Amino acid sequence: MSFPAPKPKAPELPQKLQHKLECNQGAVRAVRFNVDGNYCMTCGSDKSLKLWNPHKGSLLKTYSGHGYEVLDTAGSCDNSQLCSCSSDKTVILWDVAQGQVVRKFRGHAGKVNCVQFNEEATVIISGSIDSSIRCWDCRSRRPDAIQIMDEAKDGISSVKVSAHEILAGSVDGNLRRYDLRKGEMCADYLGSPITCVSFSQDSQCLLASSLDSTLRLLDKDTGELLGEYTGHQNLSYKLDSCLSEKDTHVLSCSEDGTVCFWDLVEGSLVLKLPVGKAVVQSLSFHPTECCLLTASEGGVQVWRGASYEEEGGS
C-alpha cells in the first residue's frame, strides 16, 4: 500500500532581521542585489553609490561621480561593471574594482529614474522623467544613445530587461513591452501611474505596481489580468515591488513602514513585515535564496528566513 505524498512545505519568507547597514549617504533611494546575490549596491541622496557585502554587513567601495542624488543602479553579468543613474540627467558606467567612471552618458532632458543592463552587459537601458527610454552602447565611444523609445506620454518610472525584451512602466499609466527582435511594442493601460515593473522569474508574467495602492499581475503574451494585490499603501511615492525568487509570492514596499507579501496564486496578504516607522522606498530579493533587502530611514535591512543560520552558528 502506498501512503499519500506529503504536502509540499510552504516556502519560507524572509522575516528574520539578519543585519542592518548604516549607509551614511542621506536617504537611500534604491538598494539592489548584484546578479548572483553576493553583493548589493545602495544609491544615496548624497550623490554617492556604495557597494556592500550585505551578508557580512561590510562596505566594500564608494563610487563618486554624479552631480546630484543617485536614483538607481544595476550590476553587470560578470560583476566587473556597474551602471547608475541620477537626478543630474546622466547615466554612468563604472569599473567595479577601480571605482572609476568608465563612461558618462548624457542625452536625457530630465532626471533619470531607472537603469538596467542587457543580459550581456553590452548595452545600458535607462528611463527618465523626460518620457523616453534610451539605450547606450557600453563598448563604443559614441556619446549619443543608439536607440530612443519615446512612446510614453509621461515620465518613465521603471524599466526591466529579459532576454530580448524591455519592460517599461510610465506615469501615463501604460505598461509597455518592447520586443527588440521583432521590433514590436505592446501596451497595456492600467489606469493609474505605474511606479515599478518586473518580469516573473520564468518571464511569462508581468508585475506592475501603481499609485492606486494596487499591484497587478498580467500574462505577458495575452495581457490578461491574472491577479490583483492590495493591502499596502502606495499613493504618493515611487516604491519598489517584485516577485520572490521562486515566483511564489508578490512583494511590495509600503508607505506605512512595512513590506507586504501576497500569495501569488491566491492573492491573499500573508505577511506585513514591519521594517520601520518611515516609508520603505526600495527592496531587492535575492536571485536564488530566501533573502530580502529593504531600504528605509537612511539604512538597509537584510532579512532571512526564520530557519536561516549563519555559517559558524546562528
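Using N, Cα and C of the backbone, Cβ positions are placed for all residues, glycine too.
Database features, via Swiss-Prot:
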type	residues	note
REPEAT	23-62	repeat 'WD 1'
REPEAT	65-104	repeat 'WD 2'
REPEAT	107-146	repeat 'WD 3'
REPEAT	151-188	repeat 'WD 4'
REPEAT	189-228	repeat 'WD 5'
REPEAT	231-272	repeat 'WD 6'
REPEAT	275-313	repeat 'WD 7'
Worksheet item: Per DSSP, what is the residue tally for the repeat 'WD 4' (151-188) in helix, strand and coil?
Response: 0 helix, 24 strand, 14 coil
Fill in: Cβ-Cβ under 8 Å with the repeat 'WD 7' (275-313): same-chain residues at least 6 beyond its ends
11-33, 35-37, 40, 42, 52, 54-55, 57, 237-245, 251, 253-255, 257-259
Fill in: Spatial neighbours of the repeat 'WD 4' (151-188) far in sequence, C-beta under 8 Å, 6+ residues away
110, 113-119, 125-133, 194-199, 203, 206, 208, 210, 218, 220, 223, 238
Worksheet item: In the repeat 'WD 2' (65-104), how many residues does DSSP assign to helix, to strand and to coil?
Response: 0 helix, 23 strand, 17 coil
Worksheet item: Counting each residue once, how many in the repeat 'WD 7' (275-313) are helix, strand and coil under DSSP?
Response: 0 helix, 16 strand, 23 coil
